[in-house]
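Going by Swiss-Prot, these are the annotated features:
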- 371: N-linked glycosylation site (CARBOHYD)
- 225-248: region 'Disordered' (REGION)
- 1-18: topological domain 'Cytoplasmic' (TOPO_DOM)
- 40-483: topological domain 'Lumenal' (TOPO_DOM)
- 19-39: transmembrane segment (TRANSMEM)
């Protein structure tokens, strides 16, 4: 993988090392989050010959596009839509994916390099490098760096734990023993310990799922019966400091965090009706600082389009590279910002939201932290500039949907007869998908298919492209002719 850069070397540190210089470490990590190149607006790569094409002419790129990418695909956070962007970008540019043998890298176990299809550690440097690692895994930095170049761009996505809990309860009700025993999400959150048993089958879906996906250790009172899996798998992970541990809820569960920036004295700030004292827990603080040193950008599902604009900026990609359709969305389960703003919630909904955040207190800490990071980055990018780019992105997406899709939107799976575009149906909710319009040109048909293909089918397509089946000739056709 070559010599590690100073930044990537720092990524190998665990919070135990951070105890020596926590303040400096957090400052550096936060600074890394704020770095980014100028955003490039370019003409659409898909020539649909419609009015959605930008009137701005193509801009000459001022930086090379980043193509070594590590995306931690978190569960029920809009990550399938990001995965679709990566699939399409890598497919168009002939990039090499680090693919699992099936569809996940041994989840829920920690990621291991040996699970990457075609990975040969003893190849002596002759193996072509991987460009993109993006399928479901439980993050394990040391093993990831065995597979990916040290200059890779690391990013992920988080979602408000209250919204995530609603989606996870519906999707994983048959998988999680805790959810399966509960008659409703409200009943579960009213008394979660009556249903939840640490270490029970699938119960990592029922509490602090984001924290789990990031591969972070759990404080003693939250550890599973199997113990903290970091201990035996990774010698340099975050570790719980001796004599330290977070209180039961480090964040006020009644504080409905409102992430919209408020200008005060010329500075953008975050508003909250209650103080969110993350500093009260060194355990949480150290883990968040470690994540800051590892991840170059963390997207926020409730601000998905804003996040995509920042992603394009950070990667030096064109706007069209991040224009796409939503994938793996459940019927009636859209990305609604009302969950993070108490203004539109009923009393019952507020109570459910507060309980979900309190139960998933580590996820709530993650969400608050990376939400603030996102808005700090937006301030640096420029609010008016961002608003313009988001409006353009949405206009292009809408034009693509009208041009490519029957009805111009996602449809109930009962209308999807083409198996290439029918999303995998799991859980109690219906997963929506797409039907392509007829009469598309060959070029437009190809691009619209890329946009509409669900993640499992696209992974299979990439697998077949990267590992084409070998055809052996029958023995009789390979015989030499008689003299």
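Cβ from N, Cα, C; glycine included.
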In all the protein chains shown, the tally of other Cβ atoms within 10 Å of the Cβ of the residue listed as 'N-linked glycosylation site' is 21
In this predicted model, what is the average pLDDT of the topological domain 'Cytoplasmic' (1-18)?
48
Can you check what DSSP calls residue 371 (N-linked glycosylation site), collapsed to helix, strand or coil?
helix
